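Student: Per TrEMBL, active site, proton acceptor is recorded for His70. The Ca(2+) 1 binding site annotation in TrEMBL covers Asp71, Val74, Gly76, Asp78, Ser80, Glu92. As annotated by TrEMBL, substrate binding site applies to Pro167. For His197, the entry in TrEMBL reads heme b binding site. The Ca(2+) 2 binding site annotation in TrEMBL covers Thr198, Asp247, Thr250, Asp255. Annotated disulfide bond per TrEMBL: Cys39-Cys119, Cys72-Cys77, Cys125-Cys323, Cys204-Cys234, in sequence order. If you look up TrEMBL, you'll see 29-327 marked as domain 'Plant heme peroxidase family profile'. Under the heading signal peptide, TrEMBL lists 1-29. Per TrEMBL, site 'Transition state stabilizer' is recorded for Arg66.
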Amino acid sequence: MSSTMPKAVAALLLTTFMLLLTTPPAAFCLSTDFYAQTCPRALTAVRAVVRGAVTKDRRMAASLIRLQFHDCFVRGCDASVLLDNTTTTVSEKGAVPNRRFTKTFRVIEDAKSTLERICPGVVSCADIIAVAARDASASVEGPSWDVELGRRDSDAAFASLAASDIPTPKDDLNTLIALFRKKGLNSREMVALSGAHTLGTAQCLAFRDRVYGNVTVVKDVIDPDFARKKRRMCPASGGDRLVQPLDPVTPTSFDNNYFKALMIRKGLLVTDQVLFSGGETDGVVDEYSKDEGKFKNEFAAAMVKMGSIEVMTGSDGQIRRTCSKAN
Ligand code: HEM
Ligand SMILES: *[C@@H]1O[C@H](CO)[C@@H](O)[C@H](O)[C@H]1NC(C)=O
Ligand SMILES: *[C@@H]1O[C@H](CO)[C@@H](O)[C@H](O)[C@H]1NC(C)=O
């Protein structure tokens, strides 16, 4: 081939190639070594804080993974979820899905104050959330992954989007698929990410209707014995804050028992069970229930992808000095 290619064409191709190499990209990208020069100790500092917090309370691992989801689904991964109310912005912290994060916010603030001591003004709160989610997973036998870095923080919160863009625990499968698609995630990635429910708990108010049969979606897709037991732990009225594990077998370890539970109709939330109730995602649940390694790999890849939703980079946004306040 090359011997028949005219010299002029070869030269043109070479020039084009060189131009591609030297032209700066239109937008900045995230990269795993973003802080290598500016804050080389950033990642180990975050890891130490996360490990300490998870050692003290293993459920913190669940909550830190969930925090990345609730940050990234609301106007991108910009730490908007961490901002408090001010005269100009309404905090996302008061939105229904975010009401159990009080201690979790403190862990991120801890990491931030350490980072402000060792390299002030350098590491964004949005990046801390992403690194903490990875370290949380790794600290409970979950997968690890290289975190892409370089996100910038927002100067505003988006409370109404926290109510509209984060799924509710009673959504049906099509709604879930649509909400994830809106963020660039396909149904397979949605199932993988839902596998985070291998950890942690849900409050009675989130699963009461399901265990009392007051649902239209997945109405009969519940193991009767499971439903009876959950009703004992969640009264028909009152007790909204009583919690039950999302993974009925191993709620403090990252494994595939969550998917096995779905296959025997023991999903706690409606949105858990819809993933295996005769719809298009049944096959994925089946695959993950049989192959924990596949689940973990695809979960890790989906977390990286979720971590890149609508990120601000370069000189957009800001690096907050305190995660709860815009500069
Ligand atoms: C598919 C749509 C999803 C819905 C409707 C949903 C809903 C919920 C609800 C209602 C709870 C219980 C919260 C409470 O009682 O205060 C919960 C807990 C949790 N969620 Fe999800 N979730 C979804 C997807 C995800 C994703 C994508 C992740 C992370 C990748 C995630 C991670 C978690 C974790 C780890 C917990 C336990 C938190 C704890 O124990 O503190 N969830 N979720
Ligand atoms: C912030 O203000 C809004 C509206 O005034 C209020 O509904 C909400 O509960 C407040 N959030 C927090 C976390 O205090
Ligand atoms: C059933 O669910 C609906 C909608 O979520 C709710 O308004 C109603 O109060 C529930 N009924 C009972 C008996 O819990």
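Positions of Cβ are set from backbone N, Cα and C atoms, glycine also.
As the structure is a computational prediction, the values presented were derived from the model and not from experiment.
Please go over these features one by one and say how buried each is and what sits next to it.
Tutor: Long-range C-beta contacts of His70 (active site, proton acceptor), restricted to its own chain and to partners at least six residues apart, with a cutoff below 8 Å, comprise Val81, Glu92, Pro97, Asn98, Phe101, Ala162, Ile166.
Long-range Cβ proximity for Pro167 (substrate binding site), meaning a same-chain Cβ under 8 A and a gap of 6 or more residues, is found for Thr175, Leu176, Leu179, Thr271.
Spatially close to His197 (heme b binding site) yet at least six residues away along the chain are Leu246, Asp247, Tyr258, Leu268, Leu269, Asp272, judged by Cβ distances under 8 angstroms.
For the recorded site, Asp255 (Ca(2+) 2 binding site), the DSSP three-state label reads coil. The Cβ of Asp255 (Ca(2+) 2 binding site) lies under 8 Å from the Cβ of Glu141, Thr198, Asp247, Glu292, each of which sits 6+ residues away along the same chain.
Counting every protein chain shown, 19 other Cβ atoms lie within 10 Å of the Cβ of Cys39 (disulfide bond). Look at Cys39 (disulfide bond): DSSP puts it in coil.
Every protein chain shown contributes to the tally, and the Cβ of Cys72 (disulfide bond) ends up with 29 other Cβ atoms within 10 Å.
According to DSSP, Cys125 (disulfide bond) is assigned to a helical segment.
Counting every protein chain shown, the number of other Cβ atoms lying within 10 Å of the Cβ of Cys234 (disulfide bond) is 23.
Mean model confidence for the domain 'Plant heme peroxidase family profile' (29-327) is a pLDDT of 97.
Under the three-state DSSP scheme, Arg66 (site 'Transition state stabilizer') falls in the helix class. Taking the Cβ of Arg66 (site 'Transition state stabilizer') as centre and 10 Å as the limit, one finds 21 other Cβ atoms among all the protein chains shown.
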Student: Between Cys77, Cys119, Cys323, which of the disulfide-bonded residues has its C-beta surrounded by the fewest other C-beta atoms within 10 Å?
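Tutor: Comparing Cβ neighbours within 10 Å for the disulfide-bonded residues Cys77, Cys119, Cys323, Cys119 has the fewest.
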Student: For Cys234 (disulfide bond), what is the secondary structure by DSSP, using just helix, strand and coil?
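Tutor: The residue in question, Cys234 (disulfide bond), is coil (DSSP, three-state).
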Student: May I ask which of the binding-site residues Asp71, Val74, Asp78, Ser80 is closest to Cys39 (disulfide bond) if we compare their C-alpha atoms?
Tutor: Asp78
Student: For ligand 1, which among the recorded positions Cys39, Arg66, Cys125, Pro167, Cys323 have a CB under 6 Å from it?
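Tutor: Cβ < 6 Å from ligand 1, in sequence order: Arg66, Pro167.
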Student: Measure from the CA atom of Cys125 (disulfide bond) to the CA atom of Cys204 (disulfide bond) and give the result in Å, rounded to a whole number.
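Tutor: So the Cα of Cys125 (disulfide bond) lies 31 Å away from that of Cys204 (disulfide bond).
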